[in-house]
Amino acid sequence: MYGRYTQDLGSFAKDEAARLRLQEGDTPRPHRPSELLEYTQGRCAPCRVCALQCQRFLISKVGEDWVFLILLGLVMALVSWAMDFAIATCLQAQKWMYGGLDTNVLLQYMAWVTYPTVLITFSAGFTQILAPQAVGSGIPEMKTILRGVVLKEYLTLKTFVAKVIGLTCALGSGMPLGKEGPFVHIASMCAALLSRFLSLFGGFYENEARNIEMLAAACAVGVGCCFAAPIGGVLFSIEVTSTFFAVRNYWRGFFAATFSAFIFRVLAVWNKDEETITALFKTRFRLDFPFDLQELPAFAVIGIASGFGGALFVYLNRKIVQFMRRQKTINRFLMKKRLLFPALVTLIISTLTFPPGFGQFMAGQLTQKETLVTLFDNQTWAKQGISNEFEYLGILEAWHHPRSNVFVTLVVFILMKFWMSALATTIPVPCGAFMPVFVIGAAFGRLVGESMAAWFPDGIHTDSNIYRIVPGGYAVVGAAALSGAVTHTVSTAVIVFELTGQISHILPVMIAVILANAVAQSLQPSLYDSIIRIKKLPYLPELGWGHHEKYNVRVEDIMVRDIRYVTLNCKYRDLQQVLHSTKMKNLPLVESAESMILLGSIERAQVGALLSNQLSAQRRLLTLRQKVLSEDGHRLSDSSIRFQISTETSSGTPARPSLRKPLKPALKRVPSSPADSPPAGSTDHTGIALKSLFCANAGTEPTEVR
């Protein structure tokens, strides 16, 4: 089963190298390469030779891993920073249009609704025209590709351009969409394009196994440069995209992700967005006493509730897609009007988030980044349920409403954003679902934290010290728990620590994430596995809870045994009977019905084409001519017709140098009398010729069917 080496591989390689050196020992080697001989003459000959050797050295070093990883991290950091800058500009333009029309509410509504609708429609149309493969997250496709399945057009330059431009427009519209999943796909495409470019310097990057390793590192770079979280990015990419992970790729992912995150934050400092390299959502929780042990049950409740919420989100997202596909009338209409569905969804969501309208009850004017900044705030918004005791300043005013308290605003925000995000992620544009789920989890954690602060207004008493409850810590726990439940990952805890820049809540975050994963994995598959099932990608997901008995199922328990097969000596009637009795696309070829030794397979369409060619009008005319011109005069009976595929070239015609020579079927007469039979020593070429038809390589060893 495992095979056995007859000789040690290392010693065999050494002996083979020594033998080759002995064979080449007779030919003297020049002291200087022939390419350098033209530079050895003249006054500047040493300089020319040195320059050429340096050029060769640099070109050879391009093949090193660290150079490739540096280029990958640098390109992805530039792409991430440029996209963030463009997205922030688009969002600022929407606020500028909304604020400049404050004298007329109707004009404000038109500007608030039209702007995102135009951007989403353009993103959907541009992606559909240029590369439809760029639609969606990209992580399900990367899981399939890393399993060894080849998906065409998913890692091309055209898809890269469509993904970058489409994602920028989609996120610039302000819809509840994310960028984490698409960035994994973008980084993978960047790695594939870099490998294709660097292969011009040598064939080192044409190795398929190496490209798969670089794709695994690129997935980590995508998350690292998206959140400036290299450690969490590596762990998240391993959990999401890999079913098994080679340890030799570990340092590649860490090196590239760290370099990419560093350049990404340096560019923010260079653009004067930050004073120094800090976390994206820096928090200022107290470090001396971040939480009390009596608060751990509340954190556990957040984890369990997030598990149910994550499973419900995956279920709702899948049901929306299935409903759109099963309704044939709606499906046919949307197939003709491809841009109508994204425009309609954007119109509904924009209308509900209009700030003077229903959006005033759910902080509709805040972007996702501003929402996270306010939710991670370490101040308590409400005390004893009275919201006006806290002075709302800056962007915190979005959570304050004169006719309701902060609890109503948070509940409305959670409920509305939940179904809006599940609906928005079904739009045919490049988008992810991690950030919307992350924001919803933070809002839920904030709601629990504000409730705890209202129940214990003076804080929790411990050793005559009073420590007030920090609702921002609950928001961090909720964000990690819900995002981990939707994606079935634990590394979201590490991502949260790198996003906030604090590790003070490590114990509550880990408890909540583990409980959320335990609940969600027992109810629904992850969001990415659910998308894989919807798209019917060739991928085998892991068995969930309650399916351990399936590990005992063997291949022989599910395989089909009574299949129709073709033997070497089958006749026309046998082939026709096989074609009429089965609908299999490929037919197995065995040596005989007694031995059942598998020789190969042939496609059903190819067999039908060969049979049609045998009984075509041209073949019948040729047979009649041969019958008239034959010397023996024997009649050609139907029972004496066999098939033979001529693979040998005639003696008068030279062989063509093509790699794949088309098969030439011909009818062969079978002698009807013993005198016409071939001698005993001759070889019957019928079986060999038919074997060459069905087998891609006739020289391979047959495999016995068991």
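Just so it is clear, glycine is given a Cβ too, placed from its N, Cα and C backbone atoms.
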* For the record in TrEMBL, which of the ranges 183-202, 403-422 is the transmembrane segment one? -> 183-202
* By Cβ distance under 8 Å, which residues at least 6 away from the ends of the transmembrane segment (339-358) in the same chain are close to it? -> 98, 105, 108-109, 112-113, 116-117, 120-121, 123-125, 173-176, 324, 333, 364-365, 416, 420, 423-424, 426-429
* the transmembrane segment (183-202) vs the transmembrane segment (109-131): three or more C-beta pairs under 8 Å (separation of 6 or more)? -> no
* For the transmembrane segment (506-523), distant same-chain residues with Cβ under 8 A (at least six beyond the ends) -> 291, 295-296, 299-300, 302-304, 306-308, 310-311, 314, 473, 476-478, 480-482, 484-486, 488-490, 492-493, 496-497, 544-546
* Under a criterion of three or more Cβ pairs within a distance under 8 Å and sequence separation of at least 6, are the transmembrane segment (250-270) and the transmembrane segment (66-88) in contact? -> yes
* Structure fact -> Taking the transmembrane segment (66-88) as reference, the highest number of CB pairs under 8 angstroms among 109-131, 214-238, 434-456 goes to 214-238
* To do: Decide whether the stretches the transmembrane segment (296-318) and the transmembrane segment (434-456) have at least 3 CB pairs under 8 angstroms, with pairs required to be 6 or more apart in sequence.
  => yes
* Can you name the far-off residues of the same chain, 6+ from the ends of the transmembrane segment (214-238), with a Cβ under 8 Å from a Cβ of it? -> 68-69, 72-73, 76-77, 79-80, 142, 145-146, 179-180, 183-188, 190-192, 195, 245-246, 249-250, 252-254, 256-258, 260-261, 263-265, 279-280, 487, 489-492, 494-499
